[in-house]
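See below for the structure under consideration.
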């Protein structure tokens, strides 16, 4: 269907909903690369005005990628909850923004309607929102998940400990894990990006992290972030798999480029559930996403990268994940050019994910060929902290020596806790206290040279 | 009381280049670390933005006895290059013409040196790597000219290789610079190069630099991969699986001894 908007004596025409969404999207290099961005700032604003008048119900009738040819579209429409949708069913996109920001809408209301929101509705309303709107509404959303600890409680922030090493050296990885634990990081997951994809190497890493978690009775979970099929193989071989990881995207074709289908994700979840390794819950999936992934796989169907990203969250929510994070600045400047675009994308992703009911974290990050630096990351980190981000990454000194990009450091998480008074998952906070790593106020305290965590790695009890 | 809280596990740094045991002041990074990090980032940024010193590279290569020819991608400058990877994969008009004039050389292996995302990687590694290659490779792999490519993405090698009728193209290119590795060279091998090739058709040797995979080892690996690729008639996934298998067998052999 064609969309028209008349403003200041000029009529703007948009061919269909897909084009309208793309033109309304805040400027970013990926949409320009795809040739779908607004051609002028005025066109972008006119598109937003037109989008504001589109009824939410329209999104159930006009899809951006055909139902017949895309299993993500089918998933979205087949699982749409009409009853949950009812309270917002008469609103336009513009009304929806006002409604989300209104005093009457709180955490309970948002939880009741989340299954009625499609990713395209979430993306659409985000395009009408300023950064402060994205922050305020995301903060109202409550998403709590559990495996060996409880993630997402109000007033908490969790962290993934990311101890990568360019050759997967077990002692190098163990050293980074110990460093992170001594800085109070790791309540979301201890998650390694392996350099290798060979099963023996992956299994060794799974045992390494499992040994540390078991030995010190740490209320957290481990994950080795390799292809989902490798993890199913590892489970079948009896390896200790807590969470199953997979990168996912918002179109069937993009997921195919990752070598995955929705059925494979369901099988992986079943395999992980069968191990019954969780203690306080059984949320066993871990997903990563990021704007631009569909375009980079040439699988975006002319849909803007932010809408594609929101569709990836619809995939994620079908599998009740413990953790989802957007790796926002990893993809490079051809998708998100500079600090401004990365910051905006991080806030959009967090908002859309939370609105759809996901435990959304963010890898606040950049590469060295993007126009961004640590100051930009501090800005995004602080904004996401105020927005109630579920978790962030913890990388030694913010420098990932395996993936060659800059993320957030153990110190960065401490900064956010200090600034905003944020605790960790309660089980993990209790463990840190028990290990004499934190004081009564959950602040880090000086570590003695003979601390148990250090003794273990010195005596080569870990990673011999 | 000292201002900075020092971490009593500095010795763990022997196991990893990761920035561990940094200490803290309050919850924050000590000044020394903030500056050390800032300098590393500056080096990485400079690696991206410093133009390839083409004259020096050509002199070094010609001094070693290579002939050279220079081409430019359709990305006219660095900011276009960063925002438009598609243009970095195409030759510009004058380069198309210049290569068209070169006699189709029927190279077994055509060598292309591209700036990619790190000119520092080329400045430090290209000439010494090619010297190592000449030491380990059969002479037919090292027939010139070496094509120097500016504002180049890996896939620019496909266009160059097709123009020159090469059987296999080896693109030596500056990798995306990391904070601790601003000068890492990547080598991408593509058999039967033509513009519809994808990353699945390539084999990669990465992190080539003295602190990573040294030049001699990288050259030997490249020679092995080239020979296998020409024998199998393939580069890409299948060749990777074969080389992984050999590595696993070699590993197993080591464990047995």
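Heads up, residue numbers simply count up from 1 along the chain you see.
Every residue, even glycine, has its Cβ placed from backbone N, Cα and C.
Here TrEMBL flags A:160, A:161, A:162, A:193, A:288, A:363 as substrate binding site. Annotated adenosylcob(III)alamin binding site per TrEMBL: A:194, A:246, A:296, A:402, in sequence order.
Just so you know, the Cβ of residue A:288 (substrate binding site) picks up 22 other Cβ atoms within 10 Å once every protein chain is counted. For residue A:402 (adenosylcob(III)alamin binding site), the binding-site residues whose C-alpha atoms fall inside a 10 Å radius of its own C-alpha are A:193, out of A:161, A:193, A:288. In the structure as shown, the Cβ atom of residue A:194 (adenosylcob(III)alamin binding site) sits within 10 Å of 20 other Cβ atoms. Secondary structure from DSSP puts residue A:296 (adenosylcob(III)alamin binding site) in a helix.
Each residue contributes its Cα atom, and for residue A:363 (substrate binding site) and residue A:246 (adenosylcob(III)alamin binding site) those atoms are 15 Å apart.
Among the binding-site residues A:160, A:161, A:162, A:193, A:288, the residue whose Cα lies closest in space to that of residue A:246 (adenosylcob(III)alamin binding site) is A:288. Pairwise Cα distances among A:160, A:161, A:162, A:193, A:288, A:363, the recorded substrate-binding residues, top out at 15 Å.
When the neighbouring Cβ atoms lying within 10 Å are counted for each of the binding-site residues (A:161, A:402), the highest count belongs to A:161. Residue A:162 (substrate binding site) and residue A:194 (adenosylcob(III)alamin binding site) are 11 Å apart (CA-CA, integer value). Residue A:160 (substrate binding site): 28 other CB atoms within 10 A of its CB, across all protein chains. In this structure, residue A:363 (substrate binding site) belongs to neither helix nor strand by DSSP; it is coil. Non-local contacts of residue A:193 (substrate binding site) by the CB criterion (under 8 A, 6+ apart in sequence, same chain) comprise A:162, A:164, A:225, A:400, A:402, A:403. Cα of residue A:161 (substrate binding site) to Cα of residue A:296 (adenosylcob(III)alamin binding site): a span of 28 Å.
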